[in-house]
Structures are given as structure tokens and as C-alpha cells.
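Undergrad: The domain 'EF-hand 1' annotation in Swiss-Prot covers 15-50 and rests on sequence analysis. Swiss-Prot lists 28, 30, 32, 39 with the feature Ca(2+) binding site, giving sequence analysis as the kind of evidence. The domain 'EF-hand 2' annotation in Swiss-Prot covers 92-127.
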């Protein structure tokens, strides 16, 4: 897939569109066919957070022509697909991520010592990867009981972000 262009509907597999539809329906709290600010406010509240104007603006920028149909009422599914396609086209392919994890781990295994992942992220310009990626590390890291070394589970991570 060419990352210089946004994904179009015909570049998304039917399975992936179905996954995005499921995600859309989960976000559409009031089931009106739109993800509204009210829907997201409810979701944030269940997480103990408050949706700010700034966060809403970042999610649905007014100056983005692909979201011209977004108004006060919210985001329709076609616009949601467009937004997600644009965002997903910025991610590297699975093979690129696999090669990176193998290079970091100096082997063929996708499970990499967490300290090596953190060091590589620092070399790539992240100032505080432990904090910036804390949730990701919490989900995809295990402790090796024998050595007490923390291992980033790369295959599990890749399986969760690719279809």
C-alpha cells in the first residue's frame, strides 16, 4: 500500500471495514448513526475523564476538508472511514514493524527486551518513551520470572494492530 496517499474504501478489506463498523457502533452511544461529542463525552466519563474542547477539535479538525460533513451533530460512518483511512495510511506495514523489532532484538524473535525497545525509541527522538508508551508497554510486556527481565511481546502487539 502506498503510504503517500490516504486509504480509500476499495483499499480496505471487507473484514477491516467490518471491524471499523463495530468500533463505530461502540462509539455511537445513542445509536443515531453519528459519533457525536455527546457520545464521546459519555465514553470519557466512564473512564473518569472529561472531553475537552481541545481534544474534540483534535479528533475532528474543522479545517480538514475530508471531514467537511462533520458538524455539531457528529461524524457519520463514511466520514469515520475516511478519517480512519487517512490515519491508518500513516502507519508502517506489518513487515516493516517486524523487521524493526527483529533488528532491535538482534534475532528472529519478535519478543524483545523492553529496555532495548526503550533505548531504540530514545535514539529515534522520543524523550520519555517509558511515559509516552506506558499503556502500550503495560498491555504487551511480560516479566521473565527467572531473569526478572521485562519483555515486549512484539508478535502479540503486531497481531493486535494488523488484521
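Here the Cβ of each residue, glycine as well, is placed from N, Cα and C on the backbone.
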Undergrad: Could you tally the C-beta atoms, other than its own, that fall within 10 angstroms of the C-beta of residue 32 (Ca(2+) binding site)?
TA: 12
Undergrad: Quick one: give me the count of other CB atoms within 10 A of the CB of residue 28 (Ca(2+) binding site).
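TA: A count of 19.
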Undergrad: Sequence gap of 6 or more, Cβ distance under 8 Å: name the residues on the same chain that satisfy this around residue 39 (Ca(2+) binding site), in order along the sequence.
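TA: Result: 27, 28, 29, 30, 74.
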Undergrad: By a simple count, how many Cβ atoms lie within 10 Å of the Cβ of residue 30 (Ca(2+) binding site), its own Cβ left out?
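TA: By my count, 12.
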Undergrad: Same chain, not part of 28, 30, 32, 39: whose C-beta falls within 8 angstroms of the C-beta centre of the Ca(2+) site? Give them in sequence order.
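TA: Counting only non-site residues, the set is 27, 29, 31, 33, 34, 35, 36, 38, 74.
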